[in-house]
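Peer 1: Reproduced below are the annotations present in TrEMBL:
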- 12-30: transmembrane segment (TRANSMEM)
- 36-59: transmembrane segment (TRANSMEM)
- 66-85: transmembrane segment (TRANSMEM)
- 91-112: transmembrane segment (TRANSMEM)
- 124-143: transmembrane segment (TRANSMEM)
- 163-182: transmembrane segment (TRANSMEM)
- 213-235: transmembrane segment (TRANSMEM)
- 265-281: transmembrane segment (TRANSMEM)
- 293-311: transmembrane segment (TRANSMEM)
Amino acid sequence: MRRLFLRWEIVLALLLVLEIAVFGLINPRFLNVSSLLFGTADFVQIGMVAVPLTLVIIAGGIDVSFGSTIGLTAIIFGLALHFGAPLGLAVLASLAVGGFTGLFNATIIRVTRLQPLVVTLGALYLYSGAATVLSGLAGASGYEGIGNFPASFTALGYQQVLGLPLSLVIFLGLAAVMIFLLHATRFGRALFLIGLSENAARHSGLPVGRMQALTYVLLGLFAAMAGLMLSAYFGSARVDLGTTTLLPAITATVLGGASIYGGKGSVLGTVLATFLIGYLQQGLQMSGVPSQISSALSGALLVIVVAARFGSEKLRGELLWQRLFGRAPAALAPAHKN
């Protein structure tokens, strides 16, 4: 029982329940089941990119370009429809571009040996600029959207499945697939090994580069799906659709248990953290807190979580060292005076 409650996912679940209860006391309307379910449409896209981002980080990488990828793939979808492509082909074009952006990022990282953060930060601006230019082909200027989508598509933004929002069902379904992939397959176990030590993974015969590239491609595909979901929800494709997902998605990934050093992470933790952050923002807004302050709190939460997890990992290492050798590491032991 003690080990059960020491699991980080259990802690997150308890925090989520506590958060909902607190905001319910502040504003009883927050506890409305319908509001809790259909309110997920406002933040489910955060989880859509946070889940594959978890795999990227576990494998020792990082990608901050997914916000622009969401906008770019949405514009590609809008352009395809604008020029008369069938709905199915437009969706495939959007997904293909999303997958390509992930493959492009992984290829540049592997060829140049640059830090993933540097490469994907450049890609963030590259994809944003490309989306802005491409949107002009449909007569949209700046951040104007491409609209006039078929009613059958925009209806998906409000579609229900068994009384649940379609976007929530899609998110939970894909998250379940990623949980299985990460924790019940050789591919998932290999990602953890790669994140812990790339050299050891290579000596074990694992195709490190290809497996890391696959995580980036998955993130690109999920970003495209998030772009499609947002386009259906808002009824238009815009360049800035994904700009607000960057910080919350990274926060959800780290809060969910992923280590920024690689080799550690949990898709279930990321899913719970997504709801924790999403309901935090909604609860603050319903309590009359300005959106700027809720964004600042998300940033503060990220800093606190990273610092806390780094401190706990350092403490755990010291305790393990003392258990094995009966003393603190030499670098941390107090200096003796002459």
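Every residue gets a Cβ built from N, Cα and C, even glycine.
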Peer 1: With Cβ-Cβ distances below 8 Å as the criterion, list the same-chain residues six or more beyond the ends of the transmembrane segment (124-143) that contact it, or say none.
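Peer 2: Hits for the transmembrane segment (124-143): 64-65, 67-69, 71-72, 74-76, 78-79, 82, 101, 238-240.
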Peer 1: For the transmembrane segment (213-235) and the transmembrane segment (163-182), check the count of CB pairs under 8 Å (sequence separation 6 or more) and say whether it reaches 3 or more.
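Peer 2: Since 3 or more Cβ pairs under 8 Å link them, the transmembrane segment (213-235) and the transmembrane segment (163-182) do come into contact.
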Peer 1: Pairs of Cβ atoms less than 8 Å apart decide it: which stretch in 12-30, 91-112, 163-182, 265-281 has the most with the transmembrane segment (36-59)?
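Peer 2: When the Cβ pairs under 8 Å are tallied, 265-281 comes out ahead.
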Peer 1: Can we call the transmembrane segment (163-182) and the transmembrane segment (265-281) in contact, meaning three or more C-beta pairs below 8 angstroms at a sequence separation of 6+?
Peer 2: yes
Peer 1: Should anything in the same chain at least six residues away from the transmembrane segment (265-281) have a Cβ under 8 Å from its Cβ atoms, list it; otherwise answer none.
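Peer 2: Residues 8-9, 12-13, 15-16, 19-20, 23, 36, 39-40, 42-44, 46-47, 50-51, 53-55, 57-58, 172, 175, 178-179, 182-183, 195, 248, 251-253, 255-259, 291, 294, 297-298, 301.
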